[in-house]
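What follows is a set of notes on a single structure, which appears directly below.
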Amino acid sequence: MEQDNETLVREFIFLGFSSLAGLQRLLFIAFLPLYLFTLGTNAIIIATIMLDRALHTPMYFFLAVLSCSETCYTFVIVPKMLVDLLAQKKTISFLGCAIQMFTFLFLGCSHSFLLAAMGYDRYVAICNPLRYTELMGHRVCVGLVAAACACGFTIAQIITSMVFHLPFRSSSQLHHYFCDIAPVLKVASHHSRLSQLVIFMIGVFVLVIPLLLILVSYIRIISAILKIPSSTGRYKAFSTCASHLIVVTVHYGCASFIYLRPKSSYSSSQDTLISVSYTILTPLFNPMIYSLRNKEFKSALRRVMGQTSYPFN
């Protein structure tokens, strides 16, 4: 009977920024423009890639999907976090928490596999340039994105089902600002080591397998670049991969720190700070790293702006 009462959890309470009670309005003022800038830049990237035919290539197709994914990813977490920064009671319903975790995991896992697909795209472009159009046709690109989404959906469904079938305490306080795996598991009344192990192994699969695929791609890429006789040619080839490498390093660095640590090393304050980096800062910098500093993209943006402003002149 006691266990039945424990499972009837109606809501969770977020304590993510409770230690900064006096600074929460300042955090809201700081985070809101960053979030709006992220939405704006991603919208510009998606619109420019769709409207300019010169960017209808596999690389920019993946960039458009990445921008769309990051827009949805931040939308799942940041608006609720901003509202909670101004609210007295920072709660989320049991169902809302499950939906937030599922969507967050779905987009995050899909993001990992999408980065692996982008690594393969760079490998084909540099190592097989003559067959690039054939090997990276529209169907192949759509198939890679669909496979990344299917993997993300399956993994998110498994983990969310395992976590939310556990019994919870009637008053559940999460030391976080969104429904991540570790904070939710902490407030479960009990959970088996088997469920922890399964979730950890899935995390390893999501992070390690795509990272290994990226490493294999870049070993081949570096080998091909070193065979290019001119230093200008080597620099140009490597510059097409630099942005992808930066994003991969940030994504897998943060995710590995959060999800591949032993349970004993969990720190709520550290998790909150690292989570801010990959829910607010990384989506902010990725558009600038990938597109807004890219000469080809900036030329396309100028063309699109000229076309849209022409009817008003």
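From the backbone N, Cα and C atoms, a Cβ is placed for every residue, glycine too.
Unlike curated entries, TrEMBL annotations are predicted automatically.
Features reported for this protein in TrEMBL:
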type     : residues : note
TRANSMEM : 26-47    : transmembrane segment
DOMAIN   : 41-290   : domain 'G-protein coupled receptors family 1 profile'
TRANSMEM : 59-78    : transmembrane segment
TRANSMEM : 98-120   : transmembrane segment
TRANSMEM : 140-164  : transmembrane segment
TRANSMEM : 194-216  : transmembrane segment
TRANSMEM : 237-260  : transmembrane segment
TRANSMEM : 272-292  : transmembrane segment
Checklist outcome for this item: Across 26-47, 98-120, 194-216, 237-260, 272-292, the most C-beta pairs under 8 Å with the transmembrane segment (59-78) come from 98-120
Checklist outcome for this item: Across the domain 'G-protein coupled receptors family 1 profile' (41-290) the predicted model averages a pLDDT of 85
